[in-house]
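K.L.:
Before I ask anything, here is the structure I am working with.
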Amino acid sequence: MKFFHYLKSKSFNDYETKHHALPADTVEEPCHPGLKTYERAQCFSISMALLPVVLFLTAVLLPSFPTEGKDPSFTALITTQTQVQREIVNKHNELRKSVSPPASNMLKMEWSREVTANAQKWANKCTLEHSSPNERKTSTKCGENLYMSSDPTAWSDAIQSWFNEHHDFIYGSGPKSTGAIVGHYTQLVWYSSFRVGCGIAYCPNQESLKYYYVCQYCPAGNNVSKKNTPYQQGAPCGSCPGNCDNGLCTNTCEYEDLLSNCDSLKKTAGCEHELLKEKCKATCLCEGKIY
C-alpha cells in the first residue's frame with residue numbers, strides 16, 4: 001500500500017523530500033515522520049479566510065473503486081447515522097483534551113445538524129476547493145477541514161491525520177519551519193470552536209480521489225491574530241470552574257465578535273451602543289462564557 005498526502009494553502013510532512021515548481025500561492029513540503037519507511041508522501045498547502053484548510057489522502061489499493069459508491073465500507077461512514085456522529089465527536093474531544101501543553105479553555109465539541117447540512121451539501125459538489133465563507137456560515141462564521149481518499153477511510157483516521165500536524169507546530173511560536181502545514185491541526189483544537197458537522201460523498205467523476213470528507217467548525221478557528229496560540233495554556237478547565245466535563249469546558253457562547261477591540265469598546269461606549277449590538281455580541285451577551 002502506498003499513501004500520498006496532499007495539502008494546499010493560499011498563505012502560508014520522511015523519507016525523500018522533493019521540491020517542485022508550484023503555483024505562487026502553494027508550497028510543497030515533506031510529510032510527517034510517522035509514516036512507515038516503505039511509504040512515500042508529498043504534501044503541499046491552500047487556506048482561505050480564517051485559514052481553513054484542506055487535506056487530500058490517496059490510498060492506492062486493490063480492488064478498484066466500487067462503480068457507484070455502494071461499498072458497505074462507504075455507507076458505514078455516512079454521517080446521518082448516530083454511531084458515526086458519536087465517533088466523530090468523541091474523536092475530536094479525545095484529541096482536544098490531549099493537547100500539549102494542556103488547555104485551560106478548550107470547549108467540548110458537540111454535533112450540529114445545521115453545520116452537518118452545510119458540510120454535506122458542500123461534499124456533494126465533489127470539488128477540490130474549500131466552500132466560500134457564506135456557504136458554511138450559520139449564526140457565526142465557520143471553519144472547514146477537507147480530506148479526500150481513493151478508498152473509504154475511517155472518520156477517526158481522517159481526523160487523526162489532521163491532528164498529526166501538531167508534530168510541525170510549536171505552541172506560542174507556530175509552524176516549526178516555513179511552509180509547514182498546521183492549519184488542520186489548529187482548527188481542530190481551536191478553543192472556541194464547539195459545534196462540528198461533517199459530510200462525506202462518493203465522487204465518481206474524480207480520477208482517483210473519489211471519497212470526499214468535509215468537516216465544518218463553528219465558530220471558526222484560525223483567527224490570524226491568535227494562530228500561534230489556538231487555546232489558552234493552563235490546567236484543564238482552569239478557565240471554566242464549575243463548567244467542566246472530563247477536562248473540557250462546557251460554558252459555550254452562541255455568538256462571536258466581529259471586531260478585535262470589543263472589550264475596549266464595551267468599556268468606553270457600552271453594550272447599548274448600536275455598533276456593539278451588531279459587532280460585539282459575544283462580548284456583550286456571553287459574560288462568564290468562553291468565546
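Backbone N, Cα and C define each Cβ position, glycine as well.
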K.L.:
According to the record in TrEMBL, which candidate from CYS271, CYS286 pairs with CYS284 in a disulphide?
P.N.:
CYS271
K.L.:
Check for me: which candidate out of CYS240, CYS244, CYS280 does TrEMBL give as the disulfide partner of CYS262?
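P.N.:
TrEMBL lists the disulfide between CYS262 and CYS280.
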K.L.:
Within 10 Å of each Cβ, count the other Cβ atoms, then let me know which of the disulfide-bonded residues CYS262, CYS271, CYS280 comes out lowest.
P.N.:
CYS271
K.L.:
For the domain 'ShKT' (253-286), what's the mean pLDDT in this predicted model?
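P.N.:
Mean pLDDT for the domain 'ShKT' (253-286): 95.
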K.L.:
Cα of CYS280 (disulfide bond) to Cα of CYS271 (disulfide bond): how many Å, rounded?
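P.N.:
The separation of the Cα atoms works out to 8 Å.
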K.L.:
Using DSSP reduced to three states, classify CYS271 (disulfide bond) as helix, strand or coil.
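P.N.:
Assignment for CYS271 (disulfide bond) reads coil.
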K.L.:
Does DSSP put CYS280 (disulfide bond) in a helix, in a strand, or in coil?
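P.N.:
CYS280 (disulfide bond) sits in a strand per DSSP.
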